[in-house]
Amino acid sequence: MFRRLLIATLIGILAALAVAAFRHAMQLLEWIFLSNDTGSLVNAAEGLSPWRRLITPALGGLAAGLLLWGWQKMNQQRPHAPTDYMEALQTDGQFDVGASLVKSLASLLVVVSGSAIGREGAMILLAALAASSFARRFTPREEWKLWIASGAAAGMAGAYHAPLAGSLFIAEILFGTLMLASLGPVVVSAVVALLTTHVLNGSDSLLYTVHLTVDLYAREYVMIVSTGLVAGLWGPLLMWLMTASHNSFLRLKLSPPWQLALGGLIVGLLSLLTPTVWGNGYSVVQSFLLSPPLFSLIGGIFACKILAVLASSGSGAPGGVFTPTLFVGLSIGMFLGRIWGFWLPGSDEIAILLGLAGMATLLAATTHAPIMSTLMICEMTGEYQLLPGLLIACVVASVLSRTLRHDSIYRQHAAEH
């Protein structure tokens with residue numbers, strides 16, 4: 001057991017280093033190509049001329065597509081191992097190292113160029129790949145899946161500062177159940193990854209800064225649970241829209257480079273309306289939580305952002321769908337909060353409260369993992385007083401969503417990509 005805990009610690013450190021390497025590579029490329037050192041792609045887009053804002057996502061998509069297409073052509077004849085940590089866990093615990101690195105590099109290109117896709121997909125993949133490489137060299141074959149799972153959880157902890165949610169992500173989504181025998185090393189890896197990330201970043205700050213002073217009474221719980229009901233309907237709709245977008249791109253019968261370029265061009269066109277469509281939505285989520293926008297502005301940004309997410313995901317851009325889902329959930333929750341605010345005092349507080357509820361419940365509705373979704377929002381924001389209400393709302397959203405659509409967003413995304 002102590003041997004496993006030691007290995008889990010080492011994997012946590014490796015995973016944090018992998019996440020940090022991807023993050024620093026992003027910052028370097030943003031500085032080189034976009035002259036941006038703020039870490040915010042929205043700020044980068046605002047500083048570009050309209051024509052550069054238009055073509056940059058298209059060029060990034062084209063470059064990523066050429067990279068993936070070229071690698072595929074070069075390796076047509078050799079057998080393929082998984083390039084996805086979920087698939088690796090469901091098979092024999094092995095990765096195609098070269099293809100996984102190429103996929104991560106392609107993800108880096110589309111993320112840096114502004115596509116509305118999450119960076120966490122590549123971060124978790126690299127963390128799991130680092131864990132797999134270590135495990136194959138130093139551990140018996142029957143343990144490989146455990147260490148890949150530990151690496152994936154540690155990658156999520158490093159990316160989102162949420163070790164408990166990262167561990168439950170593995171337990172609820174990948175293992176399908178809370179397996180206590182396997183959860184110990186997974187939790188250790190996740191916590192060590194978070195601590196290592198804090199050391200590398202020089203701070204232990206939360207991922208999102210929130211100033212919420214509202215007291216929770218029966219009225220607030222009713223609003224939170226009602227947000228869960230709405231998210232339970234929106235989750236299947238969002239997944240259906242992603243599938244429809246993916247099928248629409250396939251019907252065009254374009255080669256991968258041109259398909260990804262078209263997706264990037266759509267994002268570029270939308271960014272002419274509002275630069276907030278660039279990137280995974282992290283900086284916009286933070287600005288909304290600090291200063292909730294007006295009703296009409298939420299609706300306009302939401303419409304443009306969801307079209308950008310559909311274009312990026314549907315075109316096959318390699319990356320995650322986790323953070324974009326958080327943005328969509330925040331917008332839905334704040335939209336509902338503004339509606340409640342027509343009749344109730346403290347409209348900004350209500351908007352922030354239901355924005356957080358929207359993030360948690362739409363995440364639960366799309367992942368079918370209510371416990372993970374609840375803890376994720378609490379760990380990212382530090383608002384643990386919301387836990388009871390969010391847990392009820394997330395269960396409601398997950399049950400309703402699963403009733404309407406059996407597959408989660410991760411199973412759907414894996415099947416399409």
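The count begins at 1 with the first shown residue.
Just so it is clear, glycine is given a Cβ too, placed from its N, Cα and C backbone atoms.
These figures come from a predicted structure and were not determined experimentally.
Taking Swiss-Prot as the reference, the stretch among 111-131, 258-278 described by the feature transmembrane segment is residues 258-278. Contact between the transmembrane segment (380-400) and the transmembrane segment (5-25) does not hold: fewer than three of their C-beta pairs are under 8 Å, each pair 6 or more apart in sequence. Long-range contacts of the transmembrane segment (146-166) within the same chain, counting only residues at least 6 positions beyond its ends with a Cβ under 8 Å from a Cβ of the stretch, are 7-8, 11-12, 14-16, 18-20, 85, 88-89, 93, 119-120, 123-132, 134-135, 139, 174-175, 182, 185-194, 196-197, 206-207, 372-373, 375-376, 379-380. Of the two recorded stretches, the transmembrane segment (54-74) lies close to the transmembrane segment (258-278), with three or more CB pairs under 8 Å once pairs fewer than 6 apart in sequence are set aside.
For the topological domain 'Periplasmic' (243-257), the number of residues in each DSSP class (helix H, G, I; strand E, B; coil) is 11 helix, 0 strand, 4 coil. Put simply, of 222-242, 316-336, 339-359, the stretch with the most CB pairs closer than 8 A to the transmembrane segment (258-278) is 316-336.
The list of residues near the transmembrane segment (316-336) in space but at least 6 beyond its ends in sequence, with Cβ under 8 angstroms from a Cβ of it, reads 61, 64, 68, 103-104, 106-107, 110-111, 115-124, 223, 226-227, 230-231, 234, 238, 242, 246, 249, 256, 259-260, 263-264, 280-282, 284-285, 288-289, 292-293, 295, 298-299, 301-302, 305-306, 309, 351-352, 354-363, 366, 409, 413, 416-417.
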